[in-house]
Amino acid sequence: MAGCSQQRLIVMFLCLIGIVSATDLTSSAVSLADYELSTTFYLLKCPLGLFTINNLVTAAVRKESRMGASLLRLHFHDCFVQGCDASVLLKNTATFTGEQGAFPNANSLRGFEVIDNIKAKLEILCPGVFSCADILAVAARDSVVALGGLGWQVRLGRRDSTTASLSGANSDLPAPFLGLNDLVAAFQKKGFTVNEMVALSGAHTIGSARCLTFRSRAYNDSDIEPSYANFLRSNCPKSGGDDNLSPIDIATKDIFDNAYYRNLLSKKGLFHSDQQLYSGSFTDSKVKDYATYPSLFKSDFAKAMLKMSNLSPLTGAQGQIRKVCSRVN
């Protein structure tokens, strides 16, 4: 009996590390998904699952800071298409077309090997239990925490899709060339307010981007600080060099902070869509708030991420639990 009690205590402790390692932040919006998903979903089914994900994500980010942004982006690019169902992880086959070849994803999504490694470890611990969609959601949270952001309590119990939508990825993922009104519309389509859109855009405080995505801004936009434009042009010629990288946040590219918004005040947004958030319009005041109050940004970002992670999950008997994240069973 004593041994059983000790074992239960260890299990509970490890679960709490995974679930409450993030600050408890609750979104004011309550959806059906809130009732179908639960922070304790794997408490008995896979008690070491969250602990394992946290360890592997933290190690991957320590090895390469940029990986944190890549894992966060994978979750975003998953949820904004069919919902948070791991459809973004499905590779093309002779009879199946996935989302990785969509314009916003092609030659830019990364971090698949980290997700595959996590899944392989979880399949040893608890075969056929932990979904790839939940791995993406937890890995995104743990990546933000590893780089200095606040966490959120990820609700779990998503299942994996057996479908993907190339057309949806091309149409629904916000492009870096969008103007403010189109940017707002893209987020409103998924149920986000203007303020939540501004907060989620702060994900660009980490990571790098390809020349192809910001060339037009570097050479054609007028609302860009001249020395910053020259800096971008030095690594992004008018032709060629499409895959050359520049940090999205020129100040602190490997730290999850509010420098992204301070950059916008100085006309140093990397993407056209970034600078549109501070362009003399209705989002200016929120950008100023986040530039001034870093804790406000981190808190609002965590709340918006919690909401995003609940977009149209598959639950119950829907979908499946993939054995390998890149293909259906």
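One is the number of the first residue shown, and numbering goes on along the chain from there.
Heads up, the Cβ atoms here are built off N, Cα and C, so glycines get one too.
Taken from TrEMBL, the feature active site, proton acceptor applies to H77. In sequence order, V88, E99, P104, N105, L109, A169, L173 are the residues of the chain that are 6 or more apart from H77 (active site, proton acceptor) and have a CB within less than 8 Å of its CB.
Spatially close to D78 (Ca(2+) 1 binding site) yet at least six residues away along the chain are C84, D85, A86, S87, V88, L89, A133, L136, judged by Cβ distances under 8 angstroms. Taken from TrEMBL, the feature Ca(2+) 1 binding site covers D78, V81, G83, D85, S87, E99.
The substrate binding site annotation in TrEMBL covers P174. Under a cutoff of 8 A between CB atoms, and with a sequence separation of 6+ in the same chain, the neighbours of P174 (substrate binding site) are F80, L183, A186, F187, S273.
The heme b binding site annotation in TrEMBL covers H204. On its own chain, H204 (heme b binding site) has I248, D249, Y260, L270, F271, D274 as residues at least 6 apart in sequence with a Cβ closer than 8 Å to its own Cβ.
Taken from TrEMBL, the feature Ca(2+) 2 binding site covers T205, D249, T252, D257.
The disulfide bond annotation in TrEMBL covers C46-C126 (among others).
Annotated disulfide bond per TrEMBL: C79-C84 (among others), in sequence order. Within the same chain, the residues at least 6 positions away from C79 (disulfide bond) whose Cβ sits under 8 Å from its Cβ are K190, M308, S309, L311, listed in sequence order.
Taken from TrEMBL, the feature disulfide bond applies to C132-C325 (among others). For C132 (disulfide bond), the same-chain residues that are 6 or more apart in sequence and have a Cβ closer than 8 Å to its Cβ are A86, L89, I115, K119, D160, R322, C325.
The disulfide bond feature in TrEMBL is assigned to C211-C236 (among others). Residues within less than 8 Å, Cβ to Cβ, of C211 (disulfide bond) and separated from it by at least 6 positions along the same chain comprise N235, C236, P237, G241, D242, D243, N244, L245, S246.
The domain 'Plant heme peroxidase family profile' feature in TrEMBL is assigned to 36-329.
Per TrEMBL, signal peptide is recorded for 1-22.
Around R73 (site 'Transition state stabilizer'), the same-chain residues at least 6 positions away in sequence with a Cβ under 8 Å from its Cβ are L109, G111, A203, G207. If you look up TrEMBL, you'll see R73 marked as site 'Transition state stabilizer'.
Cβ contacts within 10 Å of V81 (Ca(2+) 1 binding site), excluding its own Cβ and spanning all protein chains shown: 29. Taking only the Cα positions, the spacing between G83 (Ca(2+) 1 binding site) and C46 (disulfide bond) is 24 angstrom. Taking the centroid of the Cβ atoms of D78, V81, G83, D85, S87, E99 as the Ca(2+) 1 site, the other same-chain residues with Cβ within 8 Å of it are H77, C79, F80, Q82, C84, A86, V88, S161, A164, S165, G168, A169. Annotated pair C126 (disulfide bond) and T252 (Ca(2+) 2 binding site), C-alpha to C-alpha distance, rounded: 38 Å. Summarised as a single figure, the pLDDT of the domain 'Plant heme peroxidase family profile' (36-329) averages 97. There are 29 other CB atoms within 10 A of the CB of C84 (disulfide bond), with all protein chains counted.
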